[in-house]
Amino acid sequence: MAVYVGMLRLGRLCAGSSGVLGARVALSRSWQEARLQGVRFLSSREVDRMVSLPIGGLSYVQGCTKKHLNSKTVGQCLDTTAQRVPEREALVVLHEDVRLTFGQLKEEVDKAASGLLSIGLCKGDRLGMWGPNSYAWVLMQLATAQAGIILVSVNPAYQAMELEYVLKKVGCKALVFPKQFKTQQYYNILKQICPEVDNAQPGGLKSQRLPDLTTVISVDAPLPGTLLLDEVVAAGSTRQHLDQLQYNQQFLSCHDPINIQFTSGTTGSPKGATLSHYNIVNNSNMLGERLKLHEKTPEQLRMILPSPLYHCLGSVGGTMMCLMYGATLILASPVFNGKKALEAISRERGSFLYGTPTMFVDILNQPDFSSYDISTMCGGVIAGSPAPPELIRAIINKINMKDLVVAYGTPENSPVTFAHFPEDTVEQKAESVGRIMPHTEARIMNMEAGTLAELNTPGELCIRGYCVMLGYWGEPQKTEEAVDQDKWYRTGDVATMNEQGFCKIVGRSKDMIIRGGENIYPAELEDFFHTHPKVQEVQVVGVKDDRMGEEICACIRLKDGEETTVEEIKAFCKGKISHFKIPRYIVFVTNYPLTISGKIQKFKLREQMERHLNL
């Protein structure tokens, strides 16, 4: 029987007084622990010689295990690439006029890592990075990994209450940020919850509300109570501190925690998904392999990244994947800007582009879109939320992204677990989120019976493998709720799987509408409404109803300049979808309630609609 690779034994994570993980994370390679009743596991030979397919008519699939998982730390991966292609351009930050080769980037990262240790930070300490995309963000991402410090990805839009919550939750010892960006005054926001910073000695902060926070680092301006990032890097430039860094690295393990990614909070308070070097290195490596980066020339390895670095897609699929494959990471702007993204593609001869559906819509809708030279584009990734089929086709045909990959994942899974192959058809890319990634298992469970769902039958998607997080920082109970005894992570997403192993996300289990006993999945209806020529965007929610339990409400945003009526929309539905799926309520809206990271909060939309409809 084949050996199962990549099973993580979850330790309980707790942020006690020592601030370290409450239990060591071990790697289990036992088939006995991977038992799945009623399913015969594929041997490694069977898995490796074919595209991974479901087994026995049931919604279970195991990814290819032909290539070994990588046991290097992030720092070791940077060292390897810097030695292999030292003169190749590694990082371009257009809005800061920064250009670094891999050799130069490694040198700066080593100095920054050494500097962080020199000011008193230690392995396992948490450092929050709070700000938009910048050179400092990439530097801190790599320097913390090099030093064994855990990077906490802090949403740059956080206000005082949100900032206090995440810093307390993980016990941040250090916080790095710019003075301001647009109207976001970072230092002033911090002072609302930490007024002591104004009179503190740099590196010696003592805060009543943030007792763990001792060090505040300003990226770009001298501020009271803070260290300048340039000073920290300079402090790490001495031979003594660089030698100390090198000595410390022998105690780093690929299974050490490296990053805390906060979930977006669409259903409650954010949780800190904790990821290891092992999670991040292997996920980025496998995504690059799925994109076939190993087959590209250096000229074709130029990635435009408008996605935020505080998201997993940006930090893992962007920074880390470029590092693994010697690709050039190009940051077009501090926050997403469709025009700047197009300018970066044209000016920097970009070949790959990452983004969410909203970003791609904005890029395609730029008034001067046709004036940009996008001839060098060949592929990229769309992820973050469901994308309607017509958008997929527009990206492939209009942005020249023939090798577009639709990817699916969650922060808890490092993040990508399903993605297309570049050669998959437009129809396959438009109708699914692709096939299982290597060294990953997926199953879809019947939510009522608790058994494996048959193919093409909706159920909750569960994931197992190397990619599953270490846990939610400081929340062992929520970790146990999310990851069961057999190490299956419950995504909360409702999905189907077909005979070829393609996965389609139907909706969120919490968003499922039960109308008179019928299960209705909002994503299915949203896909349908996107075929209406006047509809720009639509969100479907369930609203309370005394007789049916729930009724369907479609919240439709029309394209600019378009007009229609409720009656016309309902007439469009007749004969095309089942009568019980036709929304009882249709409301035309101009926007949706969003999290600060831009995700639609359906529970708030539901509340708004129930008030609007006087239910």
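Even glycines carry a Cβ here, placed using N, Cα and C.
Not measured: the values here are computed from a predicted model.
The ATP binding site annotation in Swiss-Prot covers T263, S264, G265, T266, T267, G268, S269, P270, K271, D493, R508, K599, and the record cites similarity to another entry as its basis. Its Cβ placed at the centre, R508 (ATP binding site) has 18 other Cβ atoms within 10 Å.
The DSSP secondary structure for K179 (N6-acetyllysine) is coil. In sequence order, Q185, Y186, Y187, S218, V219, D220, A221, L223 make up the list of same-chain residues 6 or more apart from K179 (N6-acetyllysine) whose Cβ falls under 8 Å from its Cβ. Under the heading N6-acetyllysine, Swiss-Prot lists K179 (among others), citing similarity to another entry as support.
Residues or ranges marked as N6-acetyllysine in Swiss-Prot (evidence: similarity to another entry): K182 (among others).
Applying an 8 A CB threshold to same-chain residues 6 or more apart, the list for K182 (N6-acetyllysine) is empty. Taken from Swiss-Prot, the feature N6-succinyllysine applies to K182 (among others), supported by similarity to another entry.
Sequence-distant neighbours of K340 (N6-acetyllysine) (same chain, 6+ residues apart, CB-CB distance under 8 A): L94, H95, P306, A332, S333. Taken from Swiss-Prot, the feature N6-acetyllysine applies to K340 (among others).
Per Swiss-Prot, the feature N6-acetyllysine maps to K398 (among others). Within its own chain, K398 (N6-acetyllysine) has L364, F369 as residues 6 or more apart in sequence whose C-beta sits under 8 angstroms from its own. In three-state terms derived from DSSP, K398 (N6-acetyllysine) belongs to a helical segment.
DSSP assigns K478 (N6-succinyllysine) to a helix in the three-state reduction. Under the heading N6-succinyllysine, Swiss-Prot lists K478 (among others), citing similarity to another entry as support.
DSSP assigns K510 (N6-acetyllysine) to coil in the three-state reduction, placing it in neither a helix nor a strand. Its own atom aside, the Cβ of K510 (N6-acetyllysine) has 12 Cβ atoms within 10 angstroms in the protein chains shown. The feature N6-acetyllysine is assigned by Swiss-Prot to K510 (among others).
Cβ neighbour count for K544 (N6-acetyllysine): 12 (other Cβ atoms within 10 Å of its Cβ, all protein chains included). In this structure, K544 (N6-acetyllysine) is part of a beta strand by DSSP. Marked as N6-acetyllysine by Swiss-Prot on the basis of similarity to another entry: K544 (among others).
Taken from Swiss-Prot, the feature N6-succinyllysine covers K544 (among others).
The N6-succinyllysine annotation in Swiss-Prot covers K570 (among others). Neighbour list (K570 (N6-succinyllysine), Cβ cut-off 8 Å, at least 6 residues apart, same chain): I582, P583, I586. Under the DSSP three-state reduction, K570 (N6-succinyllysine) is assigned to helix.
Taken from Swiss-Prot, the feature N6-acetyllysine applies to K570 (among others), supported by similarity to another entry.
What Swiss-Prot records for K599 (among others) is N6-succinyllysine. Around the Cβ of K599 (N6-succinyllysine), a 10 Å sphere holds 18 further Cβ atoms from the protein chains shown.
For 1-41, the entry in Swiss-Prot reads transit peptide, with the evidence type sequence analysis.
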| task | Could you measure between K510 (N6-acetyllysine) and S269 (ATP binding site) for me? Cα positions, answer in whole angstrom. | result | 16
| For K340 (N6-acetyllysine), the three-state class that DSSP assigns | helix
| message | Long-range neighbours only, meaning 6 or more apart in sequence with Cβ under 8 Å: which ones does K271 (ATP binding site) have? | response | F262, T263, Y472, W473, E475, K478
| Residues with Cβ closer than 8 Å to the Cβ of S269 (ATP binding site), same chain and 6+ apart in sequence? | Y165
| remark: Should one count Cβ atoms within 10 Å of each candidate's Cβ, the recorded positions T263, K478 would be headed by T263
| query | Rounded to a whole number, how many Å is the Cα of K599 (N6-succinyllysine) away from the Cα of R508 (ATP binding site)? | reply | 13
| query | How long is the line from the C-alpha of K544 (N6-acetyllysine) to the C-alpha of R508 (ATP binding site), rounded to the nearest angstrom? | reply | 18
